[in-house]
Amino acid sequence: MGKIREIFFGFLLAFSTSAFAEEAGSFKQTIAAFSESVDGFFNDYTGWFVGLIFKSVPIGDVGFPIIVGWLLLAALIFTLYFGFVQFKRAGMAIDIVKGKYTDPNSKEDGEVSHFQALTTALSGTVGLGNIAGVGAALAIGGPGATFWMIVCGLLGMASKFCECTLGVKYRTVLPSGVISGGPMYYLSQGLAEKGLGGLGKVLAVGFALMCILGALGGGNMFQANQAHAMLTYAFDVPSEYGVITGLVLAALVFSVIVGGMPSIASVTEKIVPWMAGLYIGMAVIVIIANIDQVGAAFSAIFAGAFTGAGVAGGFIGALIQGLKRATFSNEAGVGSAAIAHSAVKTKEPITEGLVSLLEPFVDTVVICTMTALVITIAGLNVGPFDGSGLTGVTLTAASFTETAGVFKYLLALAVVMFAFSTMISWSYYGLKAWTYLFGEGKKIELAFKMMFCVFVVIGATIQFGAVIDFSDAAIFAMSIFNIIGLYFLMPIVKKELASFIARVKSGEIKTYEK
Amino acid sequence: MNESESCIVDLTRTLLKDGPKFLSHTLVITKSNAYLRPTVGAMMFCVVYIVVGGFLSSLAAYLLVVSTQYDLSIFVGGFGIAIGAFGIMLIQPFLRRVSFNKTSGVFDNRKDRNVKLHHIVSLQINNKIIQRKNALSYACYELNLLTLHGRRINILNHNNEDQLENDAVLLSMFLGVELKDYRREIIL
């Protein structure tokens, strides 16, 4: 009887696996065809847009994207205009976070502690930009890209300071009682105050449009895609099964953004800081375990920054990749952070601007550098740096795994959680832009939310190509509209900063020693 | 303890910090009983987690049978169990029958100590704004009761203002107690 059962099960398994193999083959073809058509669609209809945003000017024998120069120049101008605020006022920013300017006895309902504010801010900065973005930057730009990422992070602190201050200053209470803020509001209202209402409206609408595209691209498809890429790397899951990853993620995203269940949002907010801690912990372990190689890794980073050895376009190539990926990671100048920071409970917009300037530092200068050290130490990223070998999240994961095999599982867990939380954040940015353009309303909001969930599945299913180019272009395009407005509005921020400092000095704003 | 201090009950304060962005329950009144019925929409969002958790757990079991990828099975299964358990935890408050029973004379919310109906002094409507870093802030409303001994217990907590108002009026009539409106303008 036992033998008969064994034969029966053996037959069943053989039959089911061969049928499964056949079905899997056809499934693979269907997904490949779908992938190709989506990629083709993006190429045909959005190629001009990508070309326009990343229009390059020749520098030597390499094309330098104007948009990268635009962001770098803006960060440099803000740094000079605010008198190196990121260095001179970093102590004040830390004091604000520590609660030096907050009366400990006047805590209001629902107000978060400064420690909570800090952990939330830090966890919000760690994401796939630090993991996959650094992997991509180093695969194409070599170790030298790290140096330019750090430079971009340091300068970007001033851009973030400026935009987040304005985000709080010009936030609006909508008819429903909901507080809404971000570049859409400071561009339209701030410029209207200066008698440039028409320009402000155009910039605000342009920003909102790009923000929606950025939310669907970099804030959604890129995240879902890299989450599945990580599963493919860690567990050999076939890439065509991305549709399953996409459906699971979309269902969870759907329940959060459509359902609005409070406990789910709370759980996500609680888990993400732990994931950030886990990631940083792993990086610290790798660095300490290879402490003797850290000096050599830094040498490679500095040497590569100015020679660009093995990088297409030499040091300009390394610079482009460093700046592009740093911007993608810390979002300074893009305007998205101003949306998130505008919801904060504060009477002083400048305090939020000062706190926010710490984010690019932690995100890019500290965490991206740690990832870059892990990759450089592992030695898996070798020239020529043309992205043909390991790249993105797989390069980072492989580098972590060089030290301990178990890291790939922990990284997979962290990547999935980061992708999920980033999608939730960007759904919020996208929704803000959507409601700015089309107004508030349950049906209007639901339309965006449903579309967002569909894009999660698409992002996890298709292969990269034109889609990621488009995602990148949309996020960078946000900065065009945002930065033009920031140039007009930066005197307002300077005035706010001067007023705050004067009131602190005069004792009007009390300090509370802990 | 100072006696005068112990008697102060601030009825303007909300009892719960959080609240859902949807209609979670409606009030149903029969002859001698009033109870809260969870809405289908609210249950659906919890079911999503249970379904996803169940799917991932089944997928893990399937992978364990057809392949030797134990690491993938554990990873997928772990996620499945966590998500499914989370869904079950979420759905539990919706399955709890909260009732005001005139026959037994008690209010039972399956959580707090039962309250005798004749100890209920009044009902209050309070409002609050739920703020999140990564989501649109929204208004939320509470219907709370006050007992003779100064205890306050939450009855309803959701963001459908009209429905909550309507349920509050019906419940105050059913219980024969005063309904007080403590909604205020909230400036953030």
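In case you wondered, yes, glycine gets a Cβ from its N, Cα and C as well.
The signal peptide feature in TrEMBL is assigned to A:1-21.
Per TrEMBL, transmembrane segment is recorded for A:62-84 (among others).
Here TrEMBL flags A:202-221 (among others) as transmembrane segment.
Residues 31, 224-225, 227-228, 231, 265, 268, 419-420, 423-424, 427-428, 431, 446, 449-450, 452-454, 456-462 of the same chain, all 6+ positions outside the transmembrane segment (A:241-259), place their C-beta atoms under 8 angstroms from a C-beta of that stretch. Annotation source TrEMBL lists transmembrane segment at A:241-259 (among others).
Taken from TrEMBL, the feature transmembrane segment covers A:271-291 (among others).
Positions annotated as transmembrane segment by TrEMBL: A:297-320 (among others). Proximity of distant same-chain residues to the transmembrane segment (A:297-320), defined by a Cβ-Cβ separation under 8 Å and at least 6 residues beyond the stretch ends, is recorded for 59-65, 68, 140-148, 372-373, 376-377, 383-386.
Within the chain, the transmembrane segment (A:361-380) has long-range Cβ neighbours (under 8 A, six or more residues past its boundaries) at 86, 90, 122, 125-126, 129-131, 133-135, 137-138, 143, 145-146, 149-150, 152-154, 156-157, 279-280, 283-284, 286-287, 290, 293-294, 297-298, 300-301, 325-326, 329-330, 389-390, 395-396, 398-400, 402-403. Annotated transmembrane segment per TrEMBL: A:361-380 (among others), in sequence order.
What TrEMBL records for A:409-429 (among others) is transmembrane segment.
Residues or ranges marked as transmembrane segment by TrEMBL: A:450-468 (among others).
Among the features that TrEMBL reports, transmembrane segment is placed at A:474-493 (among others). A Cβ distance under 8 Å defines the sequence-distant neighbours of the transmembrane segment (A:474-493), meaning residues of its chain 6+ beyond its ends; these are 49, 53-54, 67, 70-71, 74, 77-78, 81-82, 159, 161-163, 165-166, 169, 183, 186-187, 190-191, 194, 196, 200, 203-204, 206-207, 210-211, 213-214, 216-219, 327-328, 331, 333-336, 338, 350, 353.
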Excluding the flanking five residues on each side, which residues at least 6 beyond the ends of the transmembrane segment (A:271-291) place their CB within less than 8 Å of a CB in that stretch?
-> 119-120, 122-124, 126, 130-131, 367, 370-371, 373-374, 377-378, 399-400, 403-404, 407, 410-411, 413-414, 417-418, 421
Same chain, outside the transmembrane segment (A:202-221) by at least 6, Cβ under 8 Å from its Cβ: which residues?
-> 183-185, 187-188, 191, 328, 334-336, 339, 422-423, 425-427, 429-430, 432-434, 436-437, 448, 451-452, 455-456, 458-459, 462, 467-468, 470-472, 474-475, 477-478, 480-482, 484-485
